[in-house]
Amino acid sequence: MYTSREDIGYDFGDNSKDGSKTTQPNPNIDGGWAWMIVLSSFLVHILIMGSQMALGVLNIEWLEEFNQSRGLTAWVSSLSMGITLIVGPFIGLFISMCGCRKTAIIGGILNALGWILSAYASNVHCLFITFGVTAGVGSGMVYLPAVVMVGQYFQKRRALAQGLSTTGTGFGAFLMTALLKYLCVEFGWRNAMFIQGAIALNLCVCGALMRPLSSKELVNEKCIVRNNSEVNHAKALSHSTDTVKSSGVLNGEQEKKEEATNEEVLDSVQHIESGGDSISRKRMYGLRILKRVSQLTVTVRKGFGIWYSSYFGAASLFTNRVFVAFIIWALFAYSSFVIPFIHLPEIVKQYNLSRQNNIFPLTSIIAIVHILGKVILGIISDLPCISTWNVFLMANFTLVACILILPLMQTYIGLAVICALIGFSSGYFSLMPVVTEDLVGTKHLANAYGIIICANGISALLGPPFAGWIYDITQKYDFSFYICGLLYMVGIIFLLFQPCIQKKATREKSTEEAQV
């Protein structure tokens with residue numbers, strides 16, 4: 001295991017002498033408007049992730065309404081959760097071109113539209129399109145910017161900030177479960193989804209709060225972070241870093257040439273516009289359109305270049321072996337957390353525990369303790385003597401143990417204890433952006449975290465239907481929990497040993513170079 005964050009760090013920036021210059025800290029970093037970003041992200045997690053954690057309520061309504069199998073009906077919830085995360089890499093492209101604010105506002109409108117259209121669904125297959133795809137894509141367009149913005153505004157207290165913002169998932173699961181139950185009882189599930197769509201429009205307000213940092217502020221902050229960490233920065237992965245650096249220089253020169261060419265076009269348009277009265281209004285209108293198109297072309301080409309180089313260029317994120325191991329882990333991890341939320345109401349019915357569960361739902365226990373877990377794990381990870389990586393791994397081992405034990409519990413007290421442990425250990429979700437940023441750097445956080453949540457999305461997409469399919473065959477959920485737990489364990493072990501292999505390979509290569 002690692003003893004510091006720097007041990008798993010990839011420095012995607014340059015090591016130029018700029019780091020030696022004295023720079024003034026930006027008041028909005030770790031303070032000021034940064035806390036408004038945390039508030040915005042917190043509300044996003046309530047409205048998106050919290051609502052998705054409460055879909056077990058609607059799942060029961062859909063089973064009664066459409067009389068379809070549990071496996072088929074579970075696909076509605078899985079599509080919504082899965083697509084929210086799977087679209088991550090493509091949302092990274094939108095962020096590169098439009099920025100986090102515009103992407104989040106568009107996503108808020110799309111998410112609300114998905115909820116409203118779902119109120120008129122005539123069968124489960126319509127819900128696949130309206131709720132699973134439409135609302136899912138909208139959720140993804142808001143969720144990723146909410147995480148990325150917190151990473152940009154915080155450096156010293158990243159884990160705590162991410163922990164506080166992501167507690168919205170727990171609050172949301174608790175609040176939305178109660179809200180959806182009330183709305184379904186009072187107005188029916190269709191009107192409940194319509195009302196929820198109106199509530200989801202508040203995501204546009206959250207997106208408007210995501211004020212971007214200027215490029216100057218970002219550069220100054222990178223210099224400050226480099227000054228604070230360059231003495232202790234690990235050199236274990238320097239051979240991959242050199243490749244990234246050289247690629248970054250070439251890409252930078254190419255971008256400057258392209259920008260210069262486009263600036264010439266824009267200047268020529270402005271010069272013609274200054275002709276004034278000699279050109280008709282229609283001609284001027286056409287020139288203004290040309291100017292806007294040219295500006296849009298510059299933005300799109302630049303954003304696509306950053307996005308493409310992150311995935312397929314010489315500076316590809318996939319050259320980082322530890323990051324690749326992180327992706328493999330993510331493919332198995334998320335389903336183990338999602339399955340209890342989707343199928344716990346059915347498990348409670350199966351064990352005749354509905355009376356106790358109505359008094360205090362097991363999903364609410366997970367949600368409440370999940371809040372504490374995120375905050376506490378975030379505070380612990382920010383301690384100077386504690387490794388974020390080690391905290392992350394310990395929480396994972398605890399969660400997989402709970403998933404394997406849960407089917408053995410057939411009393412309410414036993415299930416409540418296991419659910420509490422699941423809620424606390426799953427607080428490691430707040431550490432995922434921090435670990436990702438330690439691996440790839442702030443510049444590549446949007447694209448890298450997009451890949452991670454995409455892998456989580458695949459896991460969330462396939463997990464619940466798999467559990468429903470197993471139940472349809474065996475009339476028990478036991479085997480689905482066991483299989484998902486074992487796959488999760490494989491991912492953790494792979495993630496645990498890959499860094500050791502990486503370090504060994506780096507030492508061997510360094511030894512060979514020294515001998516030559």
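Glycine residues also receive a Cβ, built from the backbone N, Cα and C atoms like all the rest.
Bear in mind that the values here come from a model prediction, so they are computed numbers and not experimental data.
Quick look at what TrEMBL annotates:
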- 1-25: region 'Disordered' (REGION)
- 1-20: compositional bias 'Basic and acidic residues' (COMPBIAS)
- 33-55: transmembrane segment (TRANSMEM)
- 75-96: transmembrane segment (TRANSMEM)
- 103-121: transmembrane segment (TRANSMEM)
- 127-148: transmembrane segment (TRANSMEM)
- 160-180: transmembrane segment (TRANSMEM)
- 192-210: transmembrane segment (TRANSMEM)
- 235-257: region 'Disordered' (REGION)
- 238-249: compositional bias 'Polar residues' (COMPBIAS)
- 322-344: transmembrane segment (TRANSMEM)
- 359-377: transmembrane segment (TRANSMEM)
- 389-406: transmembrane segment (TRANSMEM)
- 412-435: transmembrane segment (TRANSMEM)
- 447-467: transmembrane segment (TRANSMEM)
- 479-497: transmembrane segment (TRANSMEM)
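The transmembrane segment (359-377) is in contact with the transmembrane segment (160-180), judged by 3+ CB-CB distances under 8 Å for residue pairs 6 or more apart in sequence. Between the transmembrane segment (389-406) and the transmembrane segment (33-55), fewer than three CB pairs separated by 6 or more residues in sequence fall under 8 Å, so the two stretches do not touch. Counting only same-chain residues 6+ beyond the ends of the transmembrane segment (127-148), those with a CB under 8 A from a CB of the stretch are 40-41, 44-45, 48-49, 52, 62, 75-76, 78-88, 91-92, 94-95, 100-101, 103-104, 106-115, 117-118, 120-121, 162, 165, 193, 203, 206-207, 210, 433, 445-446, 449-450, 453. Remark: the transmembrane segment (103-121) contacts the transmembrane segment (192-210), by the rule of 3 or more CB pairs under 8 A.
Across the candidate stretches 75-96, 160-180, 192-210, 447-467, 479-497, the maximum count of CB pairs under 8 A to the transmembrane segment (33-55) is reached by 160-180.
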